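As structure tokens, the structure follows; a few thoughts come after it.
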Amino acid sequence: MATGSEPSAPITAVPGKIDLVITGGRVIDPANDIDGVMDVAIADGKIAAVGPNIHAPGAETIDATGAIVTPGLIDTHAHIFEHVSGDFGLNADLVGVRSGVTTLVDQGGASALTIEGFRQFIANQSTSRVLSFISAYLAGGLLGHRYVDLYGPTGINVDAVVKAARENADMVRGIKAHAEPGGYSRWGLESLKLAKQAGRELGLPVYVHLGTLWPEKDGATVDAAQILNEVVPLLDEGDILAHPFTRYPSGIVAPDGSIHPLVYEALERGVVMDVGRGAHFSFENAKAVVGAGLLPYTIGADLHGYNIRSADGGRWYKGMFTETDIVADEEDASPFATPFGLHHAMSELMAVGVSLHDVIKMTTSNAAKLLRLEDEIGALSPGMDADVSIFTVVPGEWHLVDANGVEQVAKELLRSDMAIRKGTPIAVDSPILPAFAKAA
């Protein structure tokens, strides 16, 4: 692997007309084993070349000196079925390109009944690349899964899921399901078993939500460890355990800080973990998992309208549903006042000991492999769409706060500067990002 800049680096000649050159940045592209100060040339919306001192007379330039240049970041857990899923769904481009992220995976918003609407009104209307893990449930993510009775086995039609996924195979990359105490107290894991049936028929992975989402039925107490005892044997290589750092019961970390033993077995079989930051993230549990030598494969931000405060309704979701909504004071409500985005979730992992290179790998090449799109995204390979993210590592003493209100001091924070989507530069100006997390 190349590291750092070469003092007498040769000039890289690129044949043909070049439209744009990103110059002087530290290019980190794990898929191509690149880590060094070099230039990225773009022509006709495609990556043309990566190398030192690219010579391209007449091309536009972006000076990335002092910044990190990566393949376009991929957020593997978004909720962007705007309007249809109520105030749960956010605008795709606010979460995506205008936050410095080029590809979004909507997790369970669209169902077999609504996937065509999702394509027409979200995917086709967005500058960001939009993909889907289709909901196992016919209801999809209406109001963010607020009404538990819609998410039992009677709300699943395997044939409908299979048909919809096949008809939208370019966009549907997996299936979203749940394995948490509220649903388990009602139906055991019957819903997950049906999701797995569809996944196996399609050859697609299933993304499994861990951590309490709904209250247990009639006050029943569910043994959280038992859920994982039953979940892990159902999973196949490529399936995803979501929210491994969750602060809620039924995650992979026991109350005593130990890791559920079957998790090791699952990971050895090729099951992977996605952070799914959202309202779930716990620094204590993240340290336990990372300290045990277990790394998530991907980092989904899990940003949605219930973990931000919104002026239209002022609803503020704390991670699981209760009998009543949690409402923010009107004076505290603002259009968007979320404390995180994908770059922030990456910074949190770095704060507990994960390297910069690893968090970039999780949000580029690993994410592309999870989506089975490694020949199309997640790398700066010549001929691929020119999806690029540019961000800065800002040193300091940053006080990060998790979903429990626990503080962690970070020595570095990632600040998003720019996205480039199919060769077009896009400013990072999303109002969902806190001011320190985007370029001035």
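Even glycines carry a Cβ here, placed using N, Cα and C.
TrEMBL entries are annotated by machine, without manual review.
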> Hey, TrEMBL has Zn(2+) 2 bound by LYS176, HIS209. Any idea which of HIS243, HIS260 it lists too?
Replying inline: HIS243
>> Quick check on the annotation: TrEMBL has HIS77, HIS79, LYS176 binding Zn(2+) 1, so which of ASP256, ASP302, ASP358, ASP375 does it put in that site too?
In response: ASP302
> Between HIS79 (Zn(2+) 1 binding site) and HIS209 (Zn(2+) 2 binding site), what C-alpha distance do you get in Å?
Replying inline: 14
> Taking HIS209 (Zn(2+) 2 binding site) as the reference, which of HIS77, LYS176, ASP302 (the binding-site residues) have a CA within 10 A of its CA?
Replying inline: LYS176
>> I'd like the number of other C-beta atoms within 10 A of the C-beta of HIS77 (Zn(2+) 1 binding site), please.
In response: 30
>> Counting only residues 6+ away in sequence within the same chain, which have a CB under 8 Å from the CB of LYS176 (Zn(2+) 1 binding site)?
In response: GLN107, GLY108, PHE133, ILE134, SER135, ALA136, ALA195, VAL206, TYR207, HIS209
>> Using the Cβ center of HIS77, HIS79, LYS176, ASP302 as the Zn(2+) 1 site position, which other residues in that chain lie within 8 Å, going by their Cβ?
In response: ALA78, VAL105, ASP106, GLN107, GLY108, PHE133, ALA242, GLY276, GLY278, GLY300, HIS304
> Between HIS79, HIS243, which of the binding-site residues has the fewest other CB atoms within 10 angstroms in the structure shown?
Replying inline: HIS79
